[in-house]
Every structure is written in structure tokens, then in C-alpha cells.
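Asks: I'd like to ask you about the structure that follows.
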Amino acid sequence: MEGVTAVFLVFWTLIFPSSSGKAWPTHTVCRDGNLEVFYQSCDPLQDFGFSIDQCSKHLKSNLNIRFGIILREDIKELFLDIALFTKGSSILNFSYPVCEEDLPKFSFCGRRKGEQIYYAGPINNLGLEIPEGEYQVLLELYNKNRATVACANATVVCS
């Protein structure tokens, strides 16, 4: 009976980490002399992996990223919301349709619940220089039913 209880506790902790009072680990996206970016999943049920190849406060217009997750939701349509804050004040809100039913932009568009996404490749952005300071970024990927696919609280420190 003790073995069954131990298996149940391990299973419960893996499936519901926030219920045990523990948060997901903090992951480092990149770190160099002038820039540090790290994040923690804010989805109580799932963590994910993310990294970028370039770690510089001078962001190129074409970044190479890596992203991996096992889907808990279908993503026929997938949207990304980004909210950027500094010193508690909102400075940017941005929404982007990653996957649209009639216009899939990536090979993983249309994947179903239980499937894995691993994307390694370029994303286009504005190409900019990150000003000195500390920024909090809330990122949320969600499907057409507004169900969370991935969520992260990130911190960007630029000196």
C-alpha cells in the first residue's frame, strides 16, 4: 500500500505542481555580459522549454529560437499575447496570430492535444536595441477557445 501512495504522490506533484505550493523552475533563455533573460511558466499544469540563439541587447530582425511543449489543447488556431512592464507600469501590449485556420504560418499549426511541438528556427521581429533596465514580460499562447496553451512570466535585465 505504501508503494501505491508514493506513486500517487509523485503523480499528483507532476500533474498539479502548484497545489503542492511549489512553482515551476526558473529557466534561463540567455545570458551574456549586458543581457539576461529568464522565465517561469505561469501555467499551473505545465512547463515548457524556450531559448534563443542570440543574447545581445541589439536584437537582429531575424532571431533563431527553440520552443518545445506537449499540447494540452488543440491548436488549429493559436494566438500570442505579450504584455511588457517596467517599474510596474505597462509600456507595451501586443497580440499576434501564430496559427490561423486558413493561414498556417508554421508546420506545427493544426496539431492536436497530446502531440508535441518542437520548433527550432527563425522568427521575424522589428530588430531593436533593448534599453537599459529591468522589464517584466507576460507571454500567453492560447487557442481559438481562449484555452491556455503556454504561459510565462519573463524577466529581462539589460545593462
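The backbone N, Cα and C atoms fix where each Cβ goes, and this holds for glycine too.
Heads up, TrEMBL stuff is auto-annotated, nobody curated it.
Since this is a predicted model, take the numbers as computed values, not measurements.
From TrEMBL, here are the annotated features:
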{"type": "SIGNAL", "residues": "1-21", "note": "signal peptide"}
{"type": "DOMAIN", "residues": "39-156", "note": "domain 'MD-2-related lipid-recognition'"}
Asks: For the domain 'MD-2-related lipid-recognition' (39-156), what are the DSSP-based totals of helix, strand and coil residues?
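Replies: Across the domain 'MD-2-related lipid-recognition' (39-156), the residues distribute as 0 helix, 70 strand, 48 coil.
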Asks: Averaged over the domain 'MD-2-related lipid-recognition' (39-156), what pLDDT does the prediction give?
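Replies: Averaging the confidence scores along the domain 'MD-2-related lipid-recognition' (39-156) gives 90.
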